[in-house]
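Taken straight from Swiss-Prot:
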{"type": "DISULFID", "residues": "11-70", "note": "disulfide bond"}
{"type": "DISULFID", "residues": "25-117", "note": "disulfide bond"}
{"type": "BINDING", "residues": "26, 28, 30, 47", "note": "Ca(2+) binding site"}
{"type": "DISULFID", "residues": "27-43", "note": "disulfide bond"}
{"type": "DISULFID", "residues": "42-98", "note": "disulfide bond"}
{"type": "ACT_SITE", "residues": "46", "note": "active site"}
{"type": "DISULFID", "residues": "49-91", "note": "disulfide bond"}
{"type": "DISULFID", "residues": "59-84", "note": "disulfide bond"}
{"type": "DISULFID", "residues": "77-89", "note": "disulfide bond"}
{"type": "ACT_SITE", "residues": "92", "note": "active site"}
């Protein structure tokens with residue numbers, strides 16, 4: 001769920017999780033156009049992963065709670081998750097790790113999607 005995702009971001013990143021809520025064309029609610037950079041691409045992939053979870057697992061990823069461990073920046077989805085919970089956990093894990101590796105461009109925070117997301 002979104003709280004677990006927020007906590008995964010906090011585990012793997014020094015930047016505050018809010019920095020990822022309204023970034024580029026895909027970080028935050030919805031998304032369209034071409035990702036503006038590598039970090040925005042992480043969010044596009046995460047959105048697609050959630051879409052797949054909705055169709056394949058018949059669940060609501062933003063509401064699906066799962067079990068995971070965070071230790072020294074390492075994320076592990078626990079074995080006791082159901083198939084759907086594990087799928088969503090891995091969507092969030094992959095995105096959080098991607099956020100940690102991708103450069104952050106301040107100019108892409110709170111961009112106008114009508115102008116920058118074609």
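Every residue number used here counts from 1 along the chain in the order it is shown.
Cβ coordinates come from backbone N, Cα and C, glycine included.
The most crowded of the binding-site residues listed here (28, 30) is 28, judged by how many other CB atoms sit within 10 Å of its own CB. In space, 46 is the closest of the recorded positions 28, 30, 46, 47 to residue 77 (disulfide bond), judged by Cα positions. Cβ proximity to the Ca(2+) site centre (mean Cβ of 26, 28, 30, 47, cutoff 8 Å) flags the following additional same-chain residues: 25, 27, 29, 31, 43, 44.
Comparing local CB density within 10 A for the disulfide-bonded residues 11, 49, 77, 89, the maximum falls on 89. In the three-state DSSP classification, residue 42 (disulfide bond) falls within a helix. Considering only the recorded positions 26, 30, 92, the residue whose Cα is spatially closest to the Cα of residue 43 (disulfide bond) is 26. In this structure, the C-alpha atom of residue 84 (disulfide bond) lies 13 angstrom from that of residue 92 (active site).
In this view, residue 98 (disulfide bond) is surrounded by 17 other Cβ atoms within 10 Å of its Cβ, with every protein chain counted. Cα-Cα distance from residue 98 (disulfide bond) to residue 46 (active site): 10 Å (rounded to the nearest whole number). Here residue 11 (disulfide bond) is compared against the recorded positions 26, 30, 46, 47, 92, and the shortest C-alpha distance is to 92.
Residue 42 (disulfide bond) has its Cα within 10 Å of the Cα of these binding-site residues: 26, taken from 26, 28, 30. Within 10 Å of the C-beta of residue 47 (Ca(2+) binding site) we count 19 further C-beta atoms, all protein chains included. For residue 47 (Ca(2+) binding site), the disulfide-bonded residues whose C-alpha atoms fall inside a 10 Å radius of its own C-alpha are 27, 91, out of 25, 27, 70, 91.
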